[in-house]
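I have placed the structure first, in the form of structure tokens, so that the comments after it can refer back to it.
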Amino acid sequence: MTEEPSNDAGLGLWLACVEQLSQDLPEQQFNTWIKPLTAVVAEDFSKVTVYVANRFKLDWIRAQYAARISGLLEDLYGQPVTLELALAHRESVTRTYVRPYQAERSSPSDAPTLLPVSASAEEASAPAFRNRLNSALTFETLVEGTANRMARSAAMHVAGSPGHLYNPLFIYGGVGLGKTHLVHAVGNQLLKDKPDAKILYIHAEQFVSDVVKAYQRRTFDEFKERYHSLDLLLIDDVQFFANKDRTQEEFFNAFEALLAKKSHIVMTSDTYPKGLTNIHERLVSRFDSGLTVAIEPPELEMRVAILINKARAENAEMPEEVAFFVAKNVRSNVRELEGALRKILAYSRFNQKEVSIQLAREALRDLLSIQNRQISVENIQKTVADYYKIKVADMYSKKRPASIARPRQIAMYLAKELTQKSLPEIGELFGGRDHTTVLHAVRKIAAERQQLTELNQQLHVLEQTLKG
Ligand SMILES: Nc1ncnc2c1ncn2[C@@H]1O[C@H](COP(=O)(O)OP(=O)(O)OP(=O)(O)O)[C@@H](O)[C@H]1O
């Protein structure tokens, strides 16, 4: 029977609450404490029972987050909601586990439904795959655009003929732009073509911890056997190797061994190889010895396509005009775009309303109000001066050395881009400069941004910092 899930609105309430927490809390805190939670929402919404894995965590959630969760639930529902914390019992959790938006169609209407925070919570509790690949992250589910075209085609090339060109492939870019997705896609594609290939996806932090374990347990032979025998090593966020000398040495050895046997290495990082700090020069030069490609923040049309695709994957429809509205307002990265989408879908389900611009506006009101918060020219000057390590006073000074003039031009460009101020007003705030000077700076930086990946990267970081 194809009956709708009974507790869909309850699911919406809980997901909307979690979504809000994901915006409010630092990522690490959210991932550690909130993401693993599951909840049961009573049919009449009077009570939400949140299940926590163990006693220690339960005490911590009670002390640190309970008041906040209950306040949020009340805000969302419009009436007081009793929050109860309980210990999760593994068997019952697995038995009645329901993925968001894919609630078990046969769940009886009077049975409470356990609602996880996210699909990845289920993946986290499932036994780890040997290769650690997430099968959902494929080339098919990765939307292509100008921002990732080059990285995507290099990655496809590697997946199609590993061990040849572009070895190592080094992919870099800001947070949430699809680097992890792309490396998993390489692994999944190769696995499809060659099911016997020895592939490993690993986060750099996990590699560090493997080195430490091998060191403590004196199991370096096993460690080497494991890493040096791979056909494809996918390693994420290598900036985490900074200051870890022993790890760098082991990675260097693995790197050399793998390249010698024509295995392929794909790495990601938040910056280009020479921008990495506290990593040995010999490793940095190895990173740069194949192909280095950037992933840029997605352009408007790509953001729209991502929203429409992701909504479809959740079995929801997102009209194009709503996707444009969201994409125009959520510009920084794909992870935020996904967050906005989840919020809109949860809000729509909870209120049982169709997805429209008005609904999106309501669902994203907090996010939009943060965005509308005025960014001041003074703030831009301070942020840019801090970033380039010059004095704020140099923003108004007449000094001309490039080390000062360039950050000043960058600040003028950002002032034009992020505030409503006119060119003469900006000139005035930069030590009484003429509006043609500002115009020159704005045009120059805008043109160079198209050409210079490093500059674009720096601007992206500055924009993210300023938009908070
Ligand atoms: N082009 C795209 N098409 C579809 N989904 C995308 C695209 N780019 C990113 N995503 C999705 O956005 C989310 C964030 O991407 P991902 O985790 O790959 O980012 P990242 O660059 O590795 O970020 P971080 O540096 O924070 O690890 C993921 O859910 C991913 O599937």
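Including glycine, each Cβ sits where the backbone N, Cα and C put it.
Caution: TrEMBL annotation is automatic and unverified by curators.
TrEMBL tags one of the stretches 74-101, 102-129, 410-437, 438-465 as coiled coil, and that stretch is 438-465. Sorted by the number of other CB atoms within 10 A, the binding-site residues Gly176, Gly178 start with Gly176, the lowest. Fewest Cβ neighbours within 10 Å among the binding-site residues Lys179, Thr180: this applies to Thr180. Shown in sequence order, Gly173, Val175, Leu177, His181, Leu182, Thr268, Ile295, Val334, Arg335 are the same-chain residues outside Gly176, Gly178, Lys179, Thr180 whose Cβ sits within 8 Å of the Cβ centre of the ATP site. In this structure, Gly176 (ATP binding site) belongs to neither helix nor strand by DSSP; it is coil.
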